[in-house]
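S.K.: What follows is a single structure, and I will ask about it in a moment.
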Amino acid sequence: MTTLTASPNRIAQYWALTKPRVTQLAVFCAVIGMFLATPELPSWKIVVAATIGIWLLAGAAFAINCLVEREIDSRMARTARRPMARGEITVPQTLVFSGLIGGAGMWVLYNFVNPLTMWLTFATFVGYAVIYTIILKPATPQNIVIGGLSGAMPPALGWAAVANDLPMQAWILVLIIFIWTPPHFWALALYRRDEYAKSGLPMLPVTHGTEFTQFHIWLYTIALVATTMLPFAVGMSGLIYLVSVAILDIIFVWYAWQVYRHYTDMIARKMFAYSIIYLSLLFAALLVDHYLRF
């Protein structure tokens, strides 16, 4: 039976399939991209339509991820309560749900935004749900690096929605998230390394050890600091962003150094939590600077 029943509990289960907390951060970055794409305020109709369309396709991609990794999720404490890991939603139901919301998202983007945004968002869906989840994640410890582009695309999707174009500035935003992703995710993988070892996924701390992973977190953090200077260097942002990102970077570097030289699971956990705050505040600083630049 593949009927999508509408009881409150069932709705909550389908909502959980979309990984709402992860989706919220992705859509937040997309919305910031919309505002950065124009010196004026973007059309509220475009902002609303693009937000809905991108959210729906992101949710569809995460639902496929939950489907593919349901057995792996059931073996990990962090993910064992996901609906598919608990057998609360079937494979056919998930496929129907993902197809419905993904199709709806494409329809919204094509009809109310522009075809470029629709195709870019669909390509991002394929990149995450297929290339990363099905092909790369179970095959290589560099999965998060190679497959990170799909997760880094939201600001470019937002930019394309408003400008119908992807200039250098949009790709700088993508690059920031692309470089941010490995230290963010590897911090999680470090303190969850035993769970990942049981799952069978070739995560970097499992295949190459904790010290190797700690060192690469440090390397990517240095690269991240350099990358986050680009908006100011190319004239995309001003002093508000520069001061804000300098403070954010100093804290990120401190956490990365602690993970590298004085590792504990607790400091890795704190770095992971901070990395989410870091990205949110960085994009918020870009937005404030965009309209209040001096």
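Keep in mind that glycine also has a Cβ here, set from the backbone N, Cα and C atoms.
Pulled these from Swiss-Prot:
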type     : residues : note
TRANSMEM : 22-42    : transmembrane segment
TRANSMEM : 46-66    : transmembrane segment
TRANSMEM : 89-109   : transmembrane segment
TRANSMEM : 116-136  : transmembrane segment
TRANSMEM : 143-163  : transmembrane segment
TRANSMEM : 170-190  : transmembrane segment
TRANSMEM : 212-232  : transmembrane segment
TRANSMEM : 234-254  : transmembrane segment
TRANSMEM : 272-292  : transmembrane segment
S.K.: Spell out yes or no: are there three or more C-beta pairs under 8 angstroms between the transmembrane segment (22-42) and the transmembrane segment (116-136), with each pair 6 or more apart in sequence?
M.R.: no
S.K.: Below 8 angstroms Cβ to Cβ, which residues of this chain, lying six or more residues outside the transmembrane segment (272-292), approach it?
M.R.: 25, 28-29, 32, 35-36, 155, 173, 176-177, 180, 183-184, 187-188, 191, 228, 231, 237-241, 244-245, 248, 251-252, 255
S.K.: Is the count of Cβ pairs under 8 Å between the transmembrane segment (46-66) and the transmembrane segment (143-163), pairs 6 or more apart in sequence, 3 or more?
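M.R.: Between the transmembrane segment (143-163) and the transmembrane segment (46-66), which are separate recorded stretches, there is contact, as judged by 3 or more close Cβ pairs.
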S.K.: Going along the chain, which residues at least six beyond the ends of the transmembrane segment (212-232) come within the CB cut-off of under 8 Å?
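M.R.: For the transmembrane segment (212-232), the nonlocal Cβ contacts are 169, 172-173, 175-176, 179-180, 182-183, 186-187, 189-190, 204-205, 238, 241-242, 245, 248-249, 252-253, 256-257, 259-260, 263, 271, 282, 286.
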